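Student: Please see the structure below; I have some questions.
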C-alpha cells in the first residue's frame, strides 16, 4: 500500500493488498469476540466477577492491537507512528499473556489464599518486566523470548494441577495445554517464515506464515476461553478440603 492518511488506511479494507489477510484474520475474530463473549460468559454463575472481566479483556487485546497495527502501519506519520503501532501490537500479546493467566493462577491456588495473592503479585511484576523487554526488543526472536518466563511460570501451575496439588476443573488443563501448544506453534511458524520461504511471492496475499500464526492465535484464545469457563463454573461447586 502507498503512504496513506487515516481515511485511506480505512479505505484499504475494501481492496486487495498484502496486509488485507493480516487485518481480517484478526479483525473478524475481534468483532465476534466483542459481541459473543459477553453473551457466552455466565456472569450470574461466576462467584469472582473480576476473573470474568480480566478474561474478557485478555481475549480481545491481541486482536485489537494487531488490527490497529496492520491497518495503519503505512500511515503518513511515518516511522514514529509505525513504531507506536508496533508497540501496541506487542502490548496486546503481553496483555493476553498477563490477564489471561490471572484466572489460571487464582483457581490453581484457590485453597491457599496467601500463596495465591503472592503468586498473583509475582506474576504481575514478572509480566511488567516482560512487557518492557518485548516493546524494546529489536527482533521477533528476542520479542518471543520476552514471553518465555511468563510461559514457564504459567506451566508451573499446570504441573501443580497435574500432580494434584493445585485445584481446577478436571477438563480445563487439557484446554490450557492446547492453548499454549497452538501459541508456540504459531510463533515458530511466524519466525521461520513457512511456507513463503520455499515459494517467495506465492503467499504475498494469502496463507503466509503471519496469517497462519493469526489463525493459530485465535484457536489458542478459544482454548483459553473454554478452559477458563470450565474453571469459573467449577469453583461454584468446589469446597476446599478442611485441614
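Every residue, even glycine, has its Cβ placed from backbone N, Cα and C.
Keep in mind the model is a prediction, meaning the values are calculated, not measured.
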Student: Among 70, 75, 83, indicate the single residue that TrEMBL lists for the Zn(2+) site containing 210, 214.
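Tutor: Answer, per TrEMBL (Zn(2+) site with 210, 214), from 70, 75, 83: 70.
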Student: Do at least three C-beta pairs under 8 angstroms join the transmembrane segment (114-135) to the transmembrane segment (147-167), pairs 6 or more apart in sequence?
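Tutor: Touching, yes - the transmembrane segment (114-135) and the transmembrane segment (147-167) meet the threshold of 3 or more Cβ pairs under 8 Å.
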Student: Just name the most isolated of the binding-site residues 70, 210, going by other Cβ atoms within 10 Å of its Cβ.
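Tutor: It is 210 that, of the binding-site residues 70, 210, has the fewest other Cβ atoms within 10 Å.
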Student: By a Cβ-Cβ criterion of under 8 Å, what residues six or more beyond either terminus of the transmembrane segment (21-41) are in contact with it?
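Tutor: Counting only partners 6 or more residues beyond its ends, the transmembrane segment (21-41) has Cβ contacts under 8 Å with 13, 52, 55-56, 59-60, 62-64, 66-67, 70-71, 205-208, 210-211, 214-215, 217-218, 221, 225, 229, 232.
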Student: With a Cβ cut-off under 8 Å, give me the same-chain residues at least six positions beyond the ends of the transmembrane segment (47-72) that come close to it.
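Tutor: For the transmembrane segment (47-72), the sequence-distant neighbours (Cβ-Cβ under 8 Å, at least 6 residues beyond its ends) are 6, 9-10, 12-13, 19, 22-23, 26-27, 29-30, 33-34, 37-38, 41, 81, 85-86, 88-93, 95-96, 98-100, 102-103, 106-107, 214, 217-218, 221, 224-225, 228, 232, 235-236.
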